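Here's the structure we're looking at; comments come further down.
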Amino acid sequence: MTNDEDNQVATRAGGPWLWFLRGVAASFSIPGLILASAFVGFAGLAREAGLTMAETVFMVGIVWALPAKVVLVGAILSNTTLLAAAFAVALSSVRLMPMVVAIVPEMRAPTTRKWVLYALSHFVAVTSWVVALERFPTVPRYRRTVFYAGLGATLVVINMVVVAVVFSLAQNLPPIVGAALFLLTPIYFLTSLWGSARERAGHLAMVFGLALGPVFHLVAPGVDLLAAGLLGGLMAYGWHRFARRRARA
Amino acid sequence: MSFAAIDAWWWPYLFILLAGWLATDCWRYLGVYLGDRLSEDADILVFIRAVATALVAAVIANLIIFPAGALAATPLALRIAAAIASFLAYLAAGKRVFVGILAGEAALLGGIFLFG
């Protein structure tokens with residue numbers, strides 16, 4: 001199909017606003033619900049770390065990726081310096097780069113302006129990325145950027161509200177509810193991180209990271225996350241190279 | 001200079017902006033720039049993903065082993081058992097995250113009611 005025909009199909013399938021709204025509707029789904037429950041946990045975590053509601057809501061909007069925020073709050077909890085915190089967050093966010101690399105060719109139409117792609121890339125995080133790649137085949141190419149704008153912006157705004165609401169309720173919670181709330185973040189990532197691993201090296205990296213995190217927390221607090229990430233990642237990558245060489249031989 | 005280093009209203013926001021937004025969005029922008037120039041399975045990306053995964057895993061383990069707040073009052077063995085229950089339920093249910101979360105929470109609350 002030529003671009004012109006594709007554009008005509010898109011026009012027949014509905015205008016930009018209709019597809020924006022379909023993107024909004026796509027955020028009210030099971031993945032969206034799971035994400036909101038993870039943000040309930042994150043609000044409890046940030047509150048416990050001593051952040052204010054305004055700081056936490058600001059963080060949700062401006063950083064968006066949940067692993068990056070959990071690492072940032074972890075760094076704030078261990079009283080890390082700005083530079084070390086930025087380095088740890090940057091390491092945890094590298095994963096976004098290949099995700100954006102993967103979604104851009106799917107989303108781009110020949111007439112799409114560059115700044116639109118840069119602006120939309122802010123919404124890239126695990127949930128919106130998974131939902132978008134799943135739904136794009138049913139979205140006309142010329143409507144994919146507005147669809148993704150509706151999906152991404154809605155997820156961000158909903159979870160900013162979720163965090164604000166949980167923050168204001170959390171002070172009156174009985175301890176048992178608080179305990180259940182703080183368990184949400186680690187078990188959400190324990191499961192979703194395993195599912196998002198692309199290759200065996202990702203699963204190994206996760207196991208190494210789980211084991212090394214607490215060890216480095218005891219022997220090298222302050223650089224524990226960086227040390228566990230670099231060493232665990234290096235070990236998993238080493239295994240990846242070794243296994244590939246053995247498969248070839 | 002840590003998060004609590006400067007006692008001014010704007011400092012936490014600047015900290016979040018530099019250590020949070022800049023450290024995260026620079027990768028998203030680089031991703032747009034690279035577009036389709038990099039192959040998804042380039043070797044360097046395998047390494048980068050492995051480091052990122054291990055780092056987030058380290059955070060998870062620390063949140064379970066050395067928790068803050070109300071979770072810190074629960075026994076360590078119970079927290080580890082709840083995490084294991086969550087992960088096993090997730091695998092058994094065909095990698096459904098929601099099932100894993102429910103199982104983990106049920107194990108934690110059940111343990112608190114039984115032994116707490």
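For all residues, glycine too, the Cβ spot is worked out from N, Cα and C.
TrEMBL annotations:
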type: TRANSMEM; residues: A:20-45; note: transmembrane segment
type: TRANSMEM; residues: A:57-77; note: transmembrane segment
type: TRANSMEM; residues: A:83-103; note: transmembrane segment
type: TRANSMEM; residues: A:115-133; note: transmembrane segment
type: TRANSMEM; residues: A:145-169; note: transmembrane segment
type: TRANSMEM; residues: A:176-195; note: transmembrane segment
type: TRANSMEM; residues: A:215-239; note: transmembrane segment
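Long-range contacts of the transmembrane segment (A:176-195) within its own chain (CB-CB distance under 8 A, at least 6 residues past either end) are made by residues 34, 37-38, 40-42, 44-45, 48, 66-67, 70, 126, 166, 170, 203, 206. Of the Cβ pairs linking the transmembrane segment (A:145-169) with the transmembrane segment (A:83-103) and spaced 6 or more residues apart, fewer than 3 are under 8 Å, so the two regions do not touch. Counted over residue pairs separated by six or more positions, the transmembrane segment (A:20-45) shares fewer than 3 Cβ pairs under 8 angstroms with the transmembrane segment (A:83-103), which leaves the two as not touching.
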